[in-house]
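Here the structure is laid out as structure tokens; the discussion comes afterwards.
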Amino acid sequence: MTLKAPTHHISAQPGEIAKTVLMPGDPLRAKFIAENFLEDAVQVNSIRCMYAYTGTYKGKKVSVMASGIGAPTMGVHAWELYNLYDVENIIRVGTTGAIHDELKIGDLVFALGACYNTPYADQYKLSGTFSAVASYPLLRDAVDKADQMKAKYMVGNVYSTDIFYPEYDREENERWSKMGVLSVEMETAALYIVAARAGKKALSILTVSDHVMTGEKVSADIREKNFTDMMKIALEIAE
Ligand SMILES: O=P(O)(O)O[C@H]1O[C@H](CO)[C@@H](O)[C@H]1O
Ligand SMILES: O=c1cc[nH]c(=O)[nH]1
């Protein structure tokens, strides 16, 4: 089987996607980023509403594309971008539920690593457990930018889960909290695993949209449009 672009899931022609792709879960956040931060943005995908746009930011060619929710859809789209479109860097710009009690709504979390319950890495038949980790050059550059912007952030482990509504809930989060895990979301581990296998770079920059211990949360509209620091940092570090 010879795979090449365009694909089942991405209609962009080869060359229509930049080397760096920002990847929010939410397709409307992808549209918001393109409309508000990119110049001359052209829509290059709409299959399954996984909107993708390519434009320029401060003269650099950059793309933004939605991943959808969860490891399988992140896995499909990141795999195709890295392996069929020659993408070098994917920077997830996502929302996350805080577990750590010092994190507040709007704070940034840089995912140094991601714990996970997805079986995504089982396909590689490793005789141990794979550590899903960020690409250090992207992480270093992003943290430098956050410092320059005086953003409030933490760097550490997150938990990427396939289950948004777990039965076990609070006790589960407390167990992760005891292990120093900062927050929960759904795609970072799959992104880091796909990037590792492709020999490419990946980073997740997350913004706290809710606190899983207290139930405090913001609206879907705010999650779509208001968390602009992570978008600016991702665009600034785009190569
Ligand atoms: O805001 P996004 O980037 O979609 O990320 C988070 O929000 C979704 C759940 O509501 C999951 O995709 C989770 O990872
Ligand atoms: O996956 C997510 C994202 C935000 N908040 C959560 O609790 N979970």
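Including glycine, each Cβ sits where the backbone N, Cα and C put it.
What TrEMBL says about a protein is an automatic prediction, not a curated fact.
Features reported for this protein in TrEMBL:
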- ASP210: active site, proton donor (ACT_SITE)
- HIS9, GLU185, MET186, GLU187, SER209, ASP210: purine D-ribonucleoside binding site (BINDING)
- GLY25, ARG29, ARG48, ARG92, VAL93, GLY94, THR95: phosphate binding site (BINDING)
- 20-230: domain 'Nucleoside phosphorylase' (DOMAIN)
- ARG223: site 'Important for catalytic activity' (SITE)
Spatial separation of ASP210 (active site, proton donor) from ARG48 (phosphate binding site) - C-alpha basis, Å: 27
Span of HIS9, GLU185, MET186, GLU187, SER209, ASP210 around purine D-ribonucleoside - largest C-alpha separation, Å: 31
Listed binding-site residues adjacent to ligand 1, that is, members of ARG48, MET186, GLU187 whose C-beta is under 6 A away: MET186, GLU187
Candidate with sparsest Cβ neighbourhood (10 Å radius) among GLU185, ASP210, the listed recorded positions: ASP210
Cα-nearest neighbour of ARG29 (phosphate binding site) within the listed binding-site residues, HIS9, GLU185, MET186, SER209: SER209
Site extent for phosphate (largest Cα pair distance over GLY25, ARG29, ARG48, ARG92, VAL93, GLY94, THR95, Å): 21
Conformational class of ARG48 (phosphate binding site) under the three-state DSSP mapping: helix
